[in-house]
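Visitor: Have a look at the structure that comes next, please.
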Ligand SMILES: CC(=O)N[C@H]1[C@@H](OP(=O)(O)OP(=O)(O)OC[C@H]2O[C@@H](n3ccc(=O)[nH]c3=O)[C@H](O)[C@@H]2O)O[C@H](CO)[C@@H](O)[C@@H]1O[C@H](C)C(=O)N[C@@H](C)C(=O)N[C@H](CCC(=O)O)C(=O)O
Ligand SMILES: Nc1ncnc2c1ncn2[C@@H]1O[C@H](COP(=O)(O)OP(=O)(O)OP(=O)(O)O)[C@@H](O)[C@H]1O
């Protein structure tokens, strides 16, 4: 993060009348008359209220937001939008707007209040189980090549131009999204690209915004606690491809869900087949028809065939087949969003490092191994990450990793088996143990390691993550690659319920700086 983004609100928001809003969105009113009441901002969280705001009080999974209406008013909220159940909790002297589903209206209300900021920018949304962050950054690289300034929002950060803050979630709440669109426009951005999580779609966080282009990466088993089953998960993801959410779409059709989305989509879509030899590759509008993975020791060269049959030489700046897929999708998305194809191809090839996504923290050279940080924290992602790094590693693959506490215990031995199978040297350590005993998590991973490598040769254990990275650097030679997985960009580590500032990248950089000093 280069510098703070500062206030996540526009400097000069329009002043709106509450009764105009009621008329525009056909809302019932309660409490004192709304005449002459004006507001300048919208929020769903009492702790984020600024004087002059409309507070949207929604029924949550845990609590009804109306319980916090008095707090919101004390902080300066001038009116409340809620449902029939919430009305009684609003202080009597405050005007109330009543709707059946206030959560679904939070986005449209904020968009109305800010004068539909999305209509002044090119907007791109990316959804799918994996690859959202990477694809979003690749798209942003292409948008940057075409627009003087851009904005990018997602799991890692909220960035407008060169200013950024840590992101509270993958997709921000609807009023925050609308405010960020207005801030982006105010600061001269021509395009905004955001990740759109399935939770965001189920909870209406992108309502009130019609994207110029939306993209779909893939659908794999995840978040079923929230969506129920794969069918429900697919239905929630598909909501982005509705006529009121997007003008057009780009869908990767390598899995059955992508093919189904493309077939059922009510908006026009272009299809992309991103794995050489993937089913339906020949029928797709765009297809990766050749790929040399890791050929140049960095990313991959590939050839993208367009709808007119023309072949475009392209490059993914990150290793592995999955990043060929992300790069191809990003090129087609950027092109659909108005970027000339050659500009999109070049910009994706030269995309900056993405924090914690196969991030090359220290380059190989001067006796140092290549040092990478990656976010892979599931068995599937770990396999992909290690397979991607092998072709760019002349020597041994040194893996530093753990498995998180208070989450899926069954994956720990599987993570152990994968590490033992695909890496040469292992340093098993902690990854957000949360309330659990870190040693017992490491023991479960090591049990999996032992299934594959009973002698435990080249297997080490370190109770501090920073120490684990230093151990790995001591063990690694100049031809080796040290990869630390699990936490990626995350700025904290949760131990015994306490969040400690911690970042894998900083440990690598500190060790590197120390090493250079000793050398000098
Ligand atoms: C399942 C889910 O997404 N829940 C979100 C949802 O919670 P909720 O409906 O249960 O809200 P609640 O806590 O009952 O509160 C009800 C209302 O009262 C308000 N409130 C509450 C307390 C208070 O002091 N003042 C106040 O105004 C809240 O802002 C809310 O509007 O609305 C809350 C705020 O509106 C969110 O904070 C909360 O996200 C929780 C923290 C969360 O963990 N969400 C995750 C699952 C999520 O959204 N993840 C996806 C990425 C997933 C992925 O791809 O990996 C994401 O987009 O980040
Ligand atoms: N297209 C893809 N298909 C499958 N796996 C992928 C793909 N792209 C990235 N991955 C794997 O998923 C992990 C997360 O990548 P990325 O952060 O880009 O995805 P995401 O959808 O944003 O996930 P999250 O919401 O958890 O941040 C990476 O470690 C990578 O190994």
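Just so it is clear, glycine is given a Cβ too, placed from its N, Cα and C backbone atoms.
Automatic, uncurated: that is what TrEMBL annotation is.
The ATP binding site annotation in TrEMBL covers 128, 129, 130, 131, 132, 133, 134. For 39-99, the entry in TrEMBL reads domain 'Mur ligase N-terminal catalytic'. Under the heading domain 'Mur ligase central', TrEMBL lists 126-334. The feature domain 'Mur ligase C-terminal' is assigned by TrEMBL to 356-488. TrEMBL lists 237 with the feature N6-carboxylysine.
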Visitor: Quick one: pull the CA-CA distance for the residue listed as 'N6-carboxylysine' versus residue 130 (ATP binding site), whole Å only.
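Guide: Answer for this pair: 12 Å between alpha carbons.
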Visitor: What are the other residues, in sequence order, whose C-beta lies within 8 angstroms of the center of the C-beta atoms of 128, 129, 130, 131, 132, 133, 134 at the ATP site?
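Guide: Along the chain, the qualifying residues are 126, 135, 195, 217, 218, 326.
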Visitor: What is the three-state DSSP composition of the domain 'Mur ligase C-terminal' (356-488), stated as helix, strand and coil residue counts?
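Guide: Helix/strand/coil tally for the domain 'Mur ligase C-terminal' (356-488): 52 helix, 30 strand, 51 coil.
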Visitor: For the domain 'Mur ligase N-terminal catalytic' (39-99), DSSP counts of helix, strand and coil?
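Guide: When I sort the residues of the domain 'Mur ligase N-terminal catalytic' (39-99) into the three classes, I find 16 helix, 17 strand, 28 coil.
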Visitor: Using DSSP reduced to three states, classify residue 129 (ATP binding site) as helix, strand or coil.
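Guide: The residue in question, residue 129 (ATP binding site), is coil (DSSP, three-state).
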